[in-house]
Amino acid sequence: MASNNVAQFAAELKMPAGVLLEQLQAAGVQKASEDDALSETDKARLLDHLRKSHGATDGDKRKITLTRRHTSEIKQADATGKARTIQVEVRKKRTFVKRDDVSETGADQAQAQTDEQAEAELKRREEEARREAELLEKQAQELRERQERLEREEAERRAREEAAEAERRRAEEEAAAKRAAAAQAEAAQQAAAAREQAQRAQSEPAEQSAQDEARAAAERAAQREAAKKAEDAAREAADKARAEQEEIRKRREAAEAEARAIREMMNTPRRAQVKAVEPPKPAEPPAAKAAEAKGTLHKPAKPAGEAAAARPAAKKPASGAPAPAAAPAGDRTKKPGTGKSGWQDDAAKRRGIKTRGDSSGGVDRGWRGGPKGRGKHQDSASSFQAPTEPIVREVHVPETISVADLAHKMSIKASEVIKVMMKMGQMVTINQVLDQETAMIVVEELGHRALAAKLDDPEALLVEGEIGSDAEQLPRPPVVTVMGHVDHGKTSLLDYIRRAKVAAGEAGGITQHIGAYHVETPRGVVTFLDTPGHEAFTAMRARGAKATDIVILVVAADDGVMPQTKEAISHAKAGGVPIVVAINKIDKPEANPDRVKQELVAEGVVPEEYGGDSPFVPVSAKTGAGIDDLLENVLLQAEVLELKAPVESPAKGIVIEAKLDKGKGPVATVLVQSGTLSRGDVVLAGTAYGRVRAMLDENGKPTKEAGPSIPVEIQGLSEVPGAGDEVIVLPDERKAREIALFRQGKFRDVKLAKQQAAKLESMLEQMGEGEVQNLPLIIKADVQGSQEALVQSLLKLSTDEVRVQIVHSAVGGISESDVNLATASKAVIIGFNTRADAQARKLAEANGIDIRYYNIIYDAVDEVKAAMSGMLAPEKREVVTGMVEVRQVFKVPKVGTVAGCMVTDGVVKRSSSVRVLRNNVVIFTGELDSLKRFKDDVKEVKQGFECGMSLKNFNDIVEGDQFEVFEVTEVARTL
């Protein structure tokens, strides 16, 4: 519809009429109201105004561009001399612009440029003037402040001077007044003396004058005393300042003297010190002493160490060597002692490799035995004969050994071993590691006996007598493991026994670490192991049952036997450990101990009152009821077991828990099972070894040693050991390192073999099942047990469609290497009771890596499960939306068959799919090509209306057919 007035044009533009009136007035079109007529010229002026205001130009309408092409052919000879025809196309392009537009545009541009330059110059001058005014104002302000400060100082000085002058004048006036008063008093006294009687006139004025004179004398004395005190104080202060300066000067001189003495002492040669402390040699002739002390022109004085080394050679007349003093001047042989000091020679001797037939340690002989060194050593060689009989050694060859270590075991040079290996066809280096078979062949080739050492077995390194066969067996405290279902009160029971509050500090109120404590009771010491009750911590409970003597099975009286209770019973029975049942929470109203007993009897735990061997003790961790009876039963079981262990022997134990502390390094909680573990011992725990640098008890207090059944926390291992590894004390750190490295290599081989098998298995499964979604994860936990439990729990979530892939799992904080690994593998990092450092957080933000922190295992498992649910392919469901009956069929050229239909049920949508039914049999399933009502395309047709429909790629439509219209919806799935 054409717009004739302002209101209609505004409705067409979908904008308020008031705004359109403002734009028209700005464009120079005078329209007062919405009903004013609007012509095409007015619209054109409005359009030009809007284009100019938005920066558009109408240059495209005022210029014409012509392009002309011209094609020609040229002939040119190629490299072979043949003529070739080449098509050449020439393009010419010309643009024609109206002159008035060009001139107007140029003038406008020049004017605009001039205006801009003038405006910029004006702004620059205004800015300079403003800056200059600010600078002048600032300088004037500073000048005013300086003048005010000087005036204030001058006023203060004048005020002080005036006050001092007024004080002086007041003092003079007081003194003059006192003198005038004294003179008047004397005159009055004299006049009174003349009038009155002589005796009385003389006595009274005399008293008054005496009092005045005494008062004046006292004032003068006080002034003199004050002046004297001020003078003494000033003199005292000056003396004190002079004394302090003198003290500072003396200290400086003393420090300089001390520094000078230290420099002189450090610059003093060492040989003078050695010579001063050398004991006298009475057996030496005095002449030799004088010669050595003074020296000669050809032989300077030797240091004390070198002279002492030269004396034994001087006592051997059979050597035949000429004296150094008698050597000719032209002899170029290097004399001992002319260029090296004694301590340098000793160091050279120590560095040399001692071999048979060379007692000098290789000193003063180059690595090439040249002719220059032969004459010097011929006589010394005659004094020592190498053994002619070969020495056959028994060499214990471990699983792996380096070339240098093998040569050291045979007491030969490493180069000899390398030569033998080269003859055998192998090029090796001094640090290359050989396997056991190759090393044994080399040993036999060199004429020694090779024995295979079983270094992986720690018992082979210790003599049976040292292990404890002769050590005295002494009674040891029992190790008691507290087991049961989650939230049955295991930690609370231990807290009441230990008088501690561990359960209150647990995240989520559940135990997620295995804890070790020892408690002193009136009847002895008892060591407790607290295990988690959650189903994920199966391995922790198994370790606790392995290291224990007695199991306390905690069962809640109001809950009964639960799955983890049954698991704890199976662990205890597998280890052959006696069970003491503690029925907890008997203080609750809903407690039913009899039902608990019946359920435990069904699991094979029979109470003593029923004829079994398991004592049942009802307890309450809240009120403390039955705790003493429980401890009594535990100690009674320990007495029956007669637990003993050697004390004076190397310690053996088991790793209860291990973690990586940021400040302490690898930390392991060890339960000593036999012997005594002391600080400084060399321990081996699985693939980790080291010397015990620090040892703490369960309360964090340092301890020097730990006996049997005592849990301690040790530091100083090379890496984090595995929870459950055996700990043994070895006498030699080198052997411990050798065993640990061998175990690492074997563990690495087994791990690689498992990975290869897993890869092959997963590849075959993927080929059989198709595409499988993977959720890569990197898990970092605070302790080994938590990491192990979390990995197992997450791996159990894997299904046939979505699998959890543990890229890496370790103990400790989240580092930059973990973030880089996550970037490469596109994994999510899970931190369980750990945090990422600043560099790792920054790198994760830069690379978009998701880091999740958890302190409760439930939360971690639930969130990973939700993430896996989101990765599942959605389920597709068909929803029938309507039914259509074909009433008439039309054949349309170039279109196909069109069905005239009636919607009998539901609704038909343009985007729906269609299923064609003929006699209730599906003959086609496809999509709608068009949906029309009369001549218009529509999006949907509801029930009771007619419509026209055509199907894609299907024209076999017959009257009476039915169309079933349906939609496919996707429904999210969950695990």
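Cβ coordinates are placed from backbone N, Cα and C, and glycine is handled just like the others.
Model, not experiment: these values are computed from the prediction.
For the ranges 530-533, 874-877, 910-913, the feature annotated in Swiss-Prot as region 'G3' maps to 530-533. Its Cβ taken as reference, Asp487 (GTP binding site) is surrounded by 17 other Cβ atoms within 10 Å in the chains shown.
Cβ atoms under 8 Å from those of the region 'G4' (584-587) belong to residues 488-489, 493, 554-559, 593, 618-623, 625-626 of the same chain, restricted to positions at least 6 beyond its ends. Summarised as a single figure, the pLDDT of the region 'G2' (509-513) averages 51. Neighbour counts of Cβ atoms within 10 Å were compared across the binding-site residues Gly484, Thr531, Ile586; the minimum falls on Ile586.
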